[in-house]
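Asks: Annotations for this protein, taken from Swiss-Prot, read as follows:
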type     : residues : note
CROSSLNK : Lys340   : SUMO2 cross-link
DOMAIN   : 55-87    : domain 'LisH'
MOD_RES  : Lys153   : N6-acetyllysine
REGION   : 177-202  : region 'Disordered'
REPEAT   : 230-269  : repeat 'WD 1'
REPEAT   : 369-409  : repeat 'WD 4'
REPEAT   : 503-542  : repeat 'WD 7'
REPEAT   : 544-576  : repeat 'WD 8'
Amino acid sequence: MTELAGASSSCCHRPAGRGAMQSVLHHFQRLRGREGGSHFINTSSPRGEAKMSITSDEVNFLVYRYLQESGFSHSAFTFGIESHISQSNINGTLVPPAALISILQKGLQYVEAEISINEDGTVFDGRPIESLSLIDAVMPDVVQTRQQAFREKLAQQQASAAAAAAAATAAATAATTTSAGVSHQNPSKNREATVNGEENRAHSVNNHAKPMEIDGEVEIPSSKATVLRGHESEVFICAWNPVSDLLASGSGDSTARIWNLNENSNGGSTQLVLRHCIREGGHDVPSNKDVTSLDWNTNGTLLATGSYDGFARIWTEDGNLASTLGQHKGPIFALKWNRKGNYILSAGVDKTTIIWDAHTGEAKQQFPFHSAPALDVDWQNNTTFASCSTDMCIHVCRLGCDRPVKTFQGHTNEVNAIKWDPSGMLLASCSDDMTLKIWSMKQEVCIHDLQAHNKEIYTIKWSPTGPATSNPNSNIMLASASFDSTVRLWDIERGVCTHTLTKHQEPVYSVAFSPDGKYLASGSFDKCVHIWNTQSGNLVHSYRGTGGIFEVCWNARGDKVGASASDGSVCVLDLRK
């Protein structure tokens, strides 16, 4: 049968930008209608035996989930809004991962079966199952065309077999009259042909792409990996508590969870389930929306979460809901505490950013400066922050100011992530335009325009080294993760790439430095977490999980790495000797 890449929850990838979605949006435009209402589509098989009804809401939801699972976060948000996913009555927690891929695969198998069956219901004699690509299967008259091609090939094979039989009979007759010396030469030639034929077949079988084999010397043994299960959908994010071994995770099952991995916890790891609910008819009911962002405050006493339901929430470390923050008019994409712990900053698909008072839960100020969804935010200090958007702009805003104090323009596609360096002097940004740019508040244009990746750059991280860090004697570095399957380390002072890390085989969605800056963790949709030496660029540890990796993070001591995955699992890697 046909094998689809991504038949599991680890789906294939394409660029996360808006351009990658145009064909999908166009294809389903007729089903949604301009207002995104639900329509019924009556379908039947080509021969008219079976009929069924499919609503456009159902189609839209499966496409939306596929985009999320594939890592197309920006496109998923846009598509969800345009198709009014939030207004549908579909309970997303009941839909299994990779549902769209699964139903497409079943459709392919149905077409393959049709090709193998005659009009009268009998199976072609000796016919192998025909392997199709998805594009082959949607072509007009594919069944009739493939059946006709098979009949012609079968006729040729029968004619060739008859000719070969006649030739063999003639050769056998001639062999009885030839000399013994000549007859001894032929078997050697025949044996050589047989051996070469087997070699050729073996070569063709082994010529398929395989997952990279992990070197046994760097592979993290299963005894050092703890797999935490409990989430019922993909886990988009995870973050360690800054003072203890509590790992928070956020999922498409509308929950966040706090996993206790402290050595003194009884019975191994335990989990607290933080259910994200909304008020309906005087009752709290599950929101059925993804938890898209989370962040611990500096002293580790409070956890903030952002959800696709448009609400930010503050939780205590023991799992109690402390506050619900509601002013965004759509999904929340990013959320950050300031260092002091008195404000929370959020970015929304409603094109705004909001500073919240963490104590009262009130919005201190809303900043409506972007012309498209805001994708990321980062604090420069306790009252000043930067935000980026699909509008290709970066704004630097300050609490109390009614306009941006600085606007950086230069990217030619949506800006995916922004990060201030530890000193707050330099701002790094990465974009779907495949560039990494470094900005200074002292000038209008970027001070570095770094162009080395050949696909979209999804995220960036500064090392915790250099001035204003606990590792002042180590040089500062910047790491970038791209859809080209590579991670790059940069010397920002010189504006050069010092290492290109190339072991991943799928887009890389997350990178994180160890607290001392000596190691870098990377997570990719190839299901692998790699640990690299930042000085040499060498791979020192590697782990292959069971789902595509969305996020990686280090605990405060630097001896454990957490990773969240598309199959609903959360992995904890113990790097102690």
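Yeah, the Cβs are placed from backbone N, Cα and C, and that goes for glycine too.
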Asks: Can you work out the mean pLDDT of the predicted model over the repeat 'WD 8' (544-576)?
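Replies: Overall, the repeat 'WD 8' (544-576) comes to a mean pLDDT of 97.
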Asks: Who sits close to the residue listed as 'SUMO2 cross-link': which same-chain residues at least 6 apart have their Cβ under 8 Å from its Cβ?
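Replies: Correct list: Thr298, Asn382.
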Asks: Take the repeat 'WD 8' (544-576) and find every residue of the same chain, 6 or more past its ends, with a Cβ under 8 Å from one of its Cβ atoms.
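Replies: Tertiary neighbours of the repeat 'WD 8' (544-576) are 8-11, 69, 71, 97, 211, 214, 220, 224-229, 231-245, 247, 249-251, 253, 257, 259, 261, 269, 506, 509-516, 519, 521-529, 531.
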Asks: Near the repeat 'WD 1' (230-269), which same-chain residues lie under 8 Å Cβ to Cβ, leaving out any that are not at least 6 residues past its ends?
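Replies: Residues packing against the repeat 'WD 1' (230-269) from afar: 9, 65, 68-69, 92-93, 97, 275-276, 286-296, 298-300, 303, 305, 307, 309, 315, 317, 319, 547, 550-551, 553-556, 560, 562-570, 572.
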Asks: Hey, which bits of the same chain come close to the repeat 'WD 4' (369-409), Cβ under 8 Å, at least six residues off its ends?
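Replies: Cβ under 8 Å, 6 or more out: 18, 74, 77-78, 333-336, 338-340, 342-343, 345-353, 355, 415-420, 424, 427, 429, 431, 437, 439, 441, 444, 446.
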